[in-house]
Amino acid sequence: MAVTEVEASPPAVPAKRGLLRYNSPLAQVSLLGLICFCCPGMFNALSGLGGGGQVDNDTADNANTALYACFAVFGVLGGAAHNLLGPRVTLLLGALTYPLYAGSFLYYNHHATQAFPVAAGAILGAGAGFLWAAQGAIMTSYPPPNRRGTYISLFWCLFNLGGVFGGLLPFSFNYNRNDKKPVGVNDGTYIGFMAFMLVGAALTVLVLPPARIVRSDGTKATRVTFSSPATEGAEILKLFANWKMLLVLPAAWASNFFYTYQFNHVNGALFTIRTKGLNNVFYWGAQMLGSAGIGYFLDFGFASRRKRGLVGVLAVALVGTAIWGGGLANQLKYNHGELADRIDFKEGRRYAGPFLLYFSYGLLDAMFQSLIYWIIGALANDSEVLSRYVGFYKGVQSAGAAVAWQVDRQKTSLVSQLIVNWGLMTISYPLLALLVFLAVKDEDNSVSSVEDGKEKDSKLSAPTSFH
């Protein structure tokens, strides 16, 4: 028989007003940001080097195909894991798989066999599915409904600060290696990544159970129950017929598809080894700017929440079209693959244009994904429902990424890869706008969440004014 976490926990103590109160949504979202700073943030910095920091992309392509194929499955199942195990255990299981992946490339530096990186990629795919499902449930259910954009941007800034610091590792450790020819990163780079990832895994033990999270007005952030495997299996199957998730599906597929092209064939193909690391500092820094900007607008842009969502989609569509257009102009300059004479950051004018493009790709990524998280968070209040929604999103996202890494493995032309990426994002904009129009309400006067036409009392007391 299922036991509710609310029943198993002591009665909630009225919240104190301090912003740094440990059981506040702000403190827990900030802690989550630090965990992701250390784990997926460092993973992003490693992937952003192109080829996992190796000269040949094939090993990283195969490892990432295994990673995202498993992520596609465990991303969908991750919501069920969160509802069965709770966020602390789910995050710990996920975080422990990140240092194993970085360690596999350290091993590859000395034993050039693909077996370990590919196996580590598959294990990380399972772990990442768990970690991101728990992250999504926390991010979309803990914040007050009228401040979700702000909390999402806070998390995104902390998370991508990991990519910024992670970019400094290969830049500093390889600074004196100003090779114009392709070279791989040294052992110290991988060891530095592993150290940060292990710290992130340790931080997961500080995460509180959802029933203990109390907002500043004294109300609990969410009602959480310990679910059952049978219930979760049935609810997961329903997602594939849920019209809201079907409208999210193209955006989810597109949202990681472009990483392969950007990492391998922009940063990885154009720049020297030390410049790749420096570029990642600014790529992930641009993500912080993009998420902060779109997050602020989605909370404060207009009185109407639906109008904020619709204008947000339009803004991302316009920015995305301009950036991918610039990407096409740049790509036509090197149709035949990587540059033999790599660009170094000290080359001034030659460096400026490609650098600005790569920076802009990071800006667009954060704006696009923050928008999707905000829309998903506006679909319900219950963390059980939202963990499944985010799990579906991450699963489809990862399936797209797995396909993208194998498309690259087949040596598909770079112009074709760019056009497919641009097209996938363009298709998603009108569908996201339709979802906002049909499903995002201007006010949150009720204290219920609605899923599949059935009202589900979540016993929440949420602010009803939107500014």
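Every residue, even glycine, has its Cβ placed from backbone N, Cα and C.
Here's what TrEMBL has on this protein:
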TRANSMEM  26-46  transmembrane segment
TRANSMEM  66-84  transmembrane segment
TRANSMEM  91-109  transmembrane segment
TRANSMEM  115-138  transmembrane segment
TRANSMEM  150-169  transmembrane segment
TRANSMEM  189-208  transmembrane segment
TRANSMEM  245-261  transmembrane segment
TRANSMEM  281-298  transmembrane segment
TRANSMEM  310-329  transmembrane segment
TRANSMEM  355-376  transmembrane segment
TRANSMEM  419-440  transmembrane segment
REGION    448-467  region 'Disordered'
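Counted over residue pairs 6 or more apart, the CB atoms of the transmembrane segment (150-169) and the transmembrane segment (91-109) come under 8 Å in fewer than three pairs, which marks the two as apart. Long-range neighbours of the transmembrane segment (355-376) within the same chain, counting only residues 6 or more positions beyond its ends whose Cβ lies under 8 Å from a Cβ of the stretch, are 136, 139-140, 148-149, 152-153, 156, 160, 248, 251-252, 255, 258, 262, 266-267, 279, 282-291, 293-295, 298, 309, 312-313, 315-316, 319-320, 323, 326-327, 330, 345, 386, 389-390, 393, 425, 432, 435-436, 440. The stretch in 115-138, 189-208, 245-261 that contributes the largest number of Cβ pairs under 8 Å to the transmembrane segment (26-46) is 189-208. Of the two recorded stretches, the transmembrane segment (245-261) lies close to the transmembrane segment (419-440), with three or more CB pairs under 8 Å once pairs fewer than 6 apart in sequence are set aside. Only residues 6 or more beyond the boundaries of the transmembrane segment (189-208), in the same chain, are considered here, and those with a CB under 8 A from a CB of the stretch are 22-23, 28, 31-32, 34-39, 42-43, 45-46, 53, 87-88, 91-92, 95-96, 98-99, 102-103, 105-106, 109, 162, 165-166, 169-170, 173-174. Here the transmembrane segment (115-138) sits apart from the transmembrane segment (310-329); fewer than 3 CB pairs are under 8 Å, leaving out pairs fewer than 6 apart in sequence. Across the candidate stretches 66-84, 91-109, 310-329, 419-440, the maximum count of CB pairs under 8 A to the transmembrane segment (281-298) is reached by 310-329.
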